[in-house]
Structures are given as structure tokens and as C-alpha cells.
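This report refers to the structure that appears directly beneath it.
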């Protein structure tokens with residue numbers, strides 16, 4: 001199907017920003033120029049809007065198989081398209097976990113049949129994600145995983161982690177690690193500090209993240225594996241990764257929108273939708289994380305989309321599930337708090353949310369002639385009020401509910417097909 005995007009400000013991901021038209025035919029970008037004329041096809045007017053490479057989320061929980069009451073591949077990818085994502089990498093903490101080629105094929109087949117955007121499976125490091133026996137990496141890679149991770153179940157044994165990294169290096173697989181020392185995090189549920197003491201909740205010290213991160217950096221340097229650090233949250237973690245990069249360690253890192261914008265002060269009213277791992281930290285940490293993005297220490301912004309049922313969250317804070325539903329608010333949150341305030345540019349947003357995560361995962365991204373037409377059109381200035389009840393995701397667990405944000409996804413195009421288009425007749429900005 002032929003399509004033309006007219007008069008948008010195209011940020012291609014390669015340094016260029018210009019008002020232009022984009023001609024798409026059979027899912028491929030055929031031309032980028034001014035005043036392109038065609039006799040047939042779909043015409044999208046992008047006047048006053050940015051036309052960007054589709055966002056790539058390298059940390060999504062789609063929950064299927066096993067936890068379909070929280071999310072399915074269908075609802076999760078619908079949420080992704082609504083948020084401007086054209087590709088998501090799904091974590092292996094399903095039931096059964098993505099720890100063998102059969103489950104990989106299941107996820108791929110459901111995604112092919114019911115998915116709205118492209119889904120890249122991440123395989124488990126250990127069988128059953130129990131941290132005991134290494135998975136068959138060669139079979140997982142052949143089946144199509146883009147990385148290995150035990151997600152929120154950190155490998156506590158340094159010896160086992162070294163063996164995993166050694167095999168990972170052998171098969172050229174990206175290792176994604178959740179850095180948490182369970183002996184330090186214990187039963188903590190929020191950032192350890194003044195506020196946790198004031199409101200009587202058990203704290204998670206920053207050392208729980210930083211000690212495990214330091215260990216994994218040492219092992220990555222020793223083995224030469226490609227290491228990616230999931231959702232960092234502390235100033236100390238930024239410093240450790242910066243130093244590791246300076247020493248030539250093959251390391252990349254991501255940070256979430258909520259850890260870039262919210263502090264532990266948001267937990268004051270015991271809203272369980274603020275409960276995530278890692279926890280919301282302090283203003284000093286946020287400033288360090290933003291600086292880490294700016295200087296290249298942190299490579300990507302990832303949602304860690306973790307949908308839960310209402311029952312998972314409608315309990316006392318210390319009993320509530322960790323996790324935030326983030327696919328549908330990520331762009332708006334980053335645009336509102338970082339771009340519109342001048343902390344980062346829209347070009348940098350494109351790097352953090354599209355170009356860099358794609359590069360880390362080994363896939364293509366960017367707008368150029370001959371490339372696949374994975375595109376998002378956004379209005380960076382339109383405002384709206386977040387309404388969790390309008391989420392496509394089954395997970396309504398967002399700390400941004402009721403917040404006025406600036407920046408709206410207008411259209412998401414995957415391989416030349418419109419997968420989401422904002423209905424401006426029915427969706428009004430709440431006043």
C-alpha cells in the first residue's frame with residue numbers, strides 16, 4: 001500500500017531535521033523530499049508535527065504465556081502502538097519462562113498472529129529463571145532471541161554469572177542484567193532514606209543496585225561479553241558505568257521514564273502505583289541520571305512496562321506488586337519533563353528511544369530511503385490529562401494518572417501500515 005506523509009518535520013535519527021514529505025510503498029521508504037506528488041495512496045498531513053523513527057522499547061513485560069490476566073501480547077502491543085513504539089523486546093518472566101526454543105516459537109507465533117507491533121523475545125539465562133542451571137543458549141539464539149536475561153531474578157552466584165557471560169560471549173549474545181543484591185534489598189519496598197523512615201516503609205538502599213552492578217562490570221570486563229544494565233536508578237550506578245565505559249568495558253545501560261522524573265516523595269500517600277523496582281529515588285539521583293544520558297553514559301530510555309491487575313495493587317504498600325504500566329505514557333513523560341524543559345533535545349529523545357536501543361538489540365532504525373517504514377508522528381505541544389481507564393494495556397497501574405502532560409502520539413506506522421491513529425473527533429484534552 002502506498003502512503004505519503006506530508007509536511008512534517010522529519011528527524012531521521014542520523015542528525016538531520018527538515019520539513020519534508022515521505023513516500024512509502026510496500027512498507028519501504030521510497031523518497032524523502034519536498035512536495036512529493038502521487039496519484040493514489042493514503043495521505044497523512046503531518047503539518048506542525050514531528051515525524052520520527054518508531055520508538056524501540058528494549059524492556060517490556062507482555063506477560064504471555066501464563067499471566068494473561070495482567071497483559072497479553074495483543075493488548076501489550078496495542079499499548080505499544082498507542083505510545084509510538086514499533087518494536088518491543090519482551091522479558092522472559094512468563095509462565096513457563098522463555099527458557100527454551102518451544103516457548104520462543106510460541107511467543108513469536110502469537111506475536112505474528114495477534115501482535116500490533118514487532119515483538120523480539122528475550123530468553124532466560126537460567127532454566128526456570130531459578131539461577132541454578134544455564135539455559136541452552138545456542139538453541140535460544142537459533143530460535144530468535146535477541147538477548148538473555150533473568151529479568152528481576154538476579155544471578156546471586158558470581159561463579160554462575162561468570163559462566164553465563166563466558167557462554168554468552170561465545171554465542172555473541174547480549175546479556176541484560178537486573179542489578180540487585182538480595183541480601184541488601186531484603187524486604188524493602190521503596191528508596192531507603194528520610195522519607196521511608198518518616199512513613200514507616202522498609203527501604204531499599206542504593207548499595208543493593210551498585211554492589212551487584214560493580215560485580216557484573218568486573219565479570220563483563222573479564223569475559224568480554226556485551227553487557228546491558230537494565231533500569232539503573234542511582235547516581236552511584238551512573239558513576240560506575242561511566243568509569244567502565246572509559247576502561248573499554250562493552251557495557252550499555254537504560255533508565256526508565258519514571259526514574260527520570262519522579263522521586264520517592266511520590267510515595268508519601270502510599271499510592272501503590274508508585275511502587276517499582278528499582279524504586280523511585282531522589283532529586284540528586286534524577287539529576288545524575290539526566291547527566292548520564294547527556295554524556296553518553298546511559299544509552300537508552302526503556303519503559304520497563306510492567307502491567308498488573310487491580311488486585312495486585314489494591315493492597316497495603318508493602319504487599320503490592322512492583323511495577324508500572326509505562327508504554328502509553330513514556331513519550332509524553334519524557335517530552336514534558338525533559339524536552340520541554342530544555343534538559344534534552346527532541347533529537348536526543350530520538351536517540352534514547354529509537355536509535356540507541358535498536359543498535360543495542362542489533363536491529364535497524366532511522367528514516368532513510370530504502371529502510372523499513374517504522375515511523376511515529378507526534379505533536380510535541382498538544383496537552384492532555386492521563387486517564388488510566390483509556391489505556392489499551394490491561395495494566396492501569398500508572399503513577400501519572402490525572403497528570404497533565406505535553407506531547408501526543410498522533411500516528412504509529414509499522415512496516416508501512418498504520419497501527420495506531422489518534423481519533424481527534426472523540427479524544428479531547430480534558431480541562
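Backbone N, Cα and C atoms are what each Cβ position is placed from, and that goes for glycine too.
As recorded in Swiss-Prot, the features of this protein are as follows:
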- 304: active site (ACT_SITE)
- 59, 61, 151, 304: Zn(2+) 1 binding site (BINDING)
- 61, 62, 63, 93, 308, 322, 323: substrate binding site (BINDING)
- 151, 178, 231: Zn(2+) 2 binding site (BINDING)
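Sequence features, as recorded in Swiss-Prot, placed on the structure.
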{"residue": "59", "record": "Zn(2+) 1 binding site", "DSSP class": "strand"}
{"residue": "93", "record": "substrate binding site", "DSSP class": "coil"}
{"residue": "178", "record": "Zn(2+) 2 binding site", "DSSP class": "coil"}
{"residue": "231", "record": "Zn(2+) 2 binding site", "DSSP class": "coil"}
{"residue": "304", "record": "active site", "DSSP class": "coil"}
{"residue": "322", "record": "substrate binding site", "DSSP class": "coil"}
Problem - Other CB atoms, at most 10 A from the CB of residue 61 (Zn(2+) 1 binding site) - result: 28
Practice task
Write out, in the order they occur in the sequence, the residues of the chain not among 59, 61, 151, 304 that have a C-beta within 8 Å of the mean position of the C-beta atoms of the recorded Zn(2+) 1 site.
Solution key: 60, 91, 93, 152, 230, 231, 302, 303, 305, 306
Problem - Integer Å distance between the CA atoms belonging to residue 59 (Zn(2+) 1 binding site) and residue 322 (substrate binding site) - result: 15
Handout entry: Closest of 151, 231, 304 to residue 62 (substrate binding site), Cα positions, recorded positions only
Key = 304
Problem - Alpha-carbon spacing, residue 323 (substrate binding site) to residue 178 (Zn(2+) 2 binding site), which is rounded to whole Å - result: 14
Fill in the blank from the handout: Sparsest Cβ environment (other Cβ within 10 Å) among recorded positions 151, 304 belongs to 151
Problem - Distance check against residue 178 (Zn(2+) 2 binding site) for the recorded positions 61, 93, 151, 304, keeping those with Cα within 10 Å - result: 151
Handout entry: Cβ-centroid neighbourhood (8 Å) of the Zn(2+) 2 site, 151, 178, 231 excluded
Key = 59, 91, 149, 152, 176, 177, 179, 180, 230, 277, 304
Practice task
Would you count the other CB atoms within 10 A of the CB of residue 59 (Zn(2+) 1 binding site), including those on all shown protein chains?
Solution key: 27
Exercise for the section: From the binding-site residues 59, 151, 231, pick the residue whose C-alpha lies nearest to the C-alpha of residue 93 (substrate binding site). Expected result: 151
Exercise for the section: Report, as a single number, how many Cβ atoms besides its own are within 10 Å of the Cβ of residue 62 (substrate binding site). Expected result: 31
Fill in the blank from the handout: Students should find that the Cβ of residue 323 (substrate binding site) has, within 10 Å, a number of other Cβ atoms equal to 23
Completion exercise
Smallest Cα-Cα separation from residue 59 (Zn(2+) 1 binding site) among the recorded positions 231, 304, 308 is shown by 304
Exercise for the section: Fill in the CA-CA distance, residue 63 (substrate binding site) to residue 231 (Zn(2+) 2 binding site), as an integer in Å. Expected result: 19
